[in-house]
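Colleague: First the structure, which I've put down as structure tokens, then a few questions once you've had a look.
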Amino acid sequence: MVPETVVTGDAVVLDVQIAQLPVRAVSALIDIAVILVGYVIGVLLWAATITQFDEALSAAVLIIFTVLVMVGYPVVFETATRGRTLGKIAMGLRVVSDDGGPERFRQALFRALAGFVEIWMFMGGPAVICSLVSPRGKRIGDVFAGTVVISERGPKMPPPPVMPPSLAWWASSLELSALGPEQAELARQFLARAPELDPYVRDDMAFRIAVDVVGRISPPPPPGTPPQYILAAVLAERHRRELTRLRPPDPAPHFPAGPPPSYPAGPPSYPVTQAPGPVPPAPPPRTDGFVPPS
């Protein structure tokens, strides 16, 4: 089973096990059995009191009760248990958002309303067809609600390999578009089990897997690089690029509406004045007896 990648709201890439259709079918049958038991009990109580009410009122009560049981059961359970019903608890399944977060009430309501149509009204036919066509096994309710059903009993995935420092420069220039998830998963499983293998078997498997991986990437690794280092570098770089590609872009800076911000004024300016020139000398006194008027 190849794990699917789920990206959280914090741009953390998670590998989860998508629930397969047979497991989901068994879970749905358990939930249907629980609903039918509750519905039969309710109908028996309704039949015991039918003579006490008007015929139209009794019919309306039965219709409302039917809708509430078939829609309310999954909504209440999935909201209260974060994406689980009795059938999902028995089979180890859980409904989560597409970003890996817990299922919300709105999503549970959308799934239940769609399930009333695709499961109860059409006997599950549209749900099965949509699950077979969808890469993540989604039924119509999951598509509209933005949810996916995962299996919590699958094996825990190991963390991504650590990039060998000596190969970081080579890995940054790799073309990985031809490397499929099957080859990446095979390499990851091998690296996780490598310490437990016999050295001869480990080296032989590392060589064969590395030859397949190297044939799908470019440029080729530096000569003499151990196969396990090649696989670790390729997987670490693949994880880094997936994280970068799926990380939400940084929000643009937001400036509040209004006048532009004021800035402190510069140093004060003073008028430029010229320095006074030299004082002219006083005229010499006259000797002809004439005195100018004051």
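Heads up, the Cβ atoms here are built off N, Cα and C, so glycines get one too.
When I checked TrEMBL for this same protein, it listed these features:
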- 249-270: compositional bias 'Pro residues' (COMPBIAS)
- 277-294: compositional bias 'Pro residues' (COMPBIAS)
- 20-145: domain 'RDD' (DOMAIN)
- 245-294: region 'Disordered' (REGION)
- 28-50: transmembrane segment (TRANSMEM)
- 56-76: transmembrane segment (TRANSMEM)
- 108-129: transmembrane segment (TRANSMEM)
Colleague: By DSSP, what is the split of the domain 'RDD' (20-145) into helix, strand and coil residues?
Modeller: 95 helix, 6 strand, 25 coil
Colleague: Grab the same-chain neighbours of the transmembrane segment (56-76) for me: Cβ-Cβ under 8 Å, and only residues 6 or more beyond its ends, written as numbers and ranges.
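Modeller: Non-local partners: 31, 34-35, 38-39, 42-43, 46, 50, 85, 105, 108-109, 111-113, 115-116, 120.
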Colleague: List, by number or range, the same-chain residues at least 6 past the transmembrane segment (108-129) whose CB is under 8 A from its CB atoms?
Modeller: 21, 25, 28, 32, 67, 70-72, 74-75, 78-79, 83, 95, 139-142, 144-145, 147
Colleague: Compute the average pLDDT of the predicted model within the domain 'RDD' (20-145).
Modeller: 91
